[in-house]
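As given in TrEMBL:
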type: ACT_SITE; residues: HIS96; note: active site, electrophile
type: ACT_SITE; residues: GLU167; note: active site, proton acceptor
type: BINDING; residues: ASN9, TRP10, LYS11, GLY173, SER212; note: substrate binding site
Amino acid sequence: MKKKWLIGNWKMHGNLASNKALIEGIRAELPEPDPRAELVVCPAFPYLYQLKDLTAGTGIYVGAQNASDHLQGAYTGETSPLMIKELGGSFTIIGHSERRQYQGENDGLMGRKSLAAIDAGLIPVICVGETAEERDSGRTHEVLARQLDAAFGYIRTAHDKIILAYEPRWAIGTGIAATPEIVQAEHEFLRQRIAIRDKEFAARLPIIYGGSVKAANAISLFSMPDVDGGLIGSAALNATEFVAIYRELLQTIPADEAA
Ligand code: PEP
């Protein structure tokens, strides 16, 4: 059975007290995640170790929001994926659109970062997505193909070690999610493009959607055949809403699929 994924991106929010309250809130509503759908939370770097403690034995995984493309060295201010791993992280988001927008990250860097993350034993959650202007000018597939090829050119294939996230920039933090039809069409495009390199890998690769997902729209998005879960921003900061989204995700798993 192919697993589903729900990943919370806490962005630059939180502190020791609110992080603890958020995990306790999630656990109060969901004592144990269902093995058919993995739950991951991605706090800001300084809180990774706190989250390692808070999530020990809970079935909730921890990830970072970024990682260096180097494992070690004279790179002031950077964080090695090895350090993330040592502090309890199992995942790292790579190439989030806010890093492209505010830190000038480009496709090549995304590819190198993904490779370093895999080398360190992390699962990269590689983000791709077009801007509103790129969509309006009919360049969505050109942009997605370029971003995808840059990332996968470095990685080639790494079975079960990568998650791909389709995050159209115009849907992130805007409250306007992409329609289920758009999401399905772009996920299908991404999967087909990867299948050119490796069919089996493409079929197994989890492709998740991110951009203004809430409990109210989750089921329509997650029911699409090529959607394997979600990357959640603002709604991941509210335990009740995050767990409600998780429960919607579970509903999309056919009842005859054993855990
Ligand atoms: C994100 O930051 O990855 C994201 C999807 O944000 P939001 O859910 O707030 O749109």
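Think of each number as a place in line: the chain as shown, counted from 1.
Just so you know, glycine gets a Cβ as well, placed from its N, Cα and C.
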Taking the Cβ of SER212 (substrate binding site) as centre, how many other Cβ atoms lie within 10 Å?
20
Please list the binding-site residues from ASN9, TRP10, GLY173, SER212 whose Cβ falls under 6 Å of any atom in ligand 1.
ASN9, GLY173, SER212
Return the single residue from the recorded positions list (ASN9, TRP10, LYS11, HIS96, GLY173) that has the minimum number of other CB atoms within 10 Å.
GLY173
State the three-class DSSP label for GLY173 (substrate binding site), counting H, G and I as helix, E and B as strand, and everything else as coil.
coil
What is the separation, in Å, between the Cα atoms of LYS11 (substrate binding site) and the residue listed as 'active site, electrophile'?
10
Quick one: pull the CA-CA distance for the residue listed as 'active site, electrophile' versus GLU167 (active site, proton acceptor), whole Å only.
8
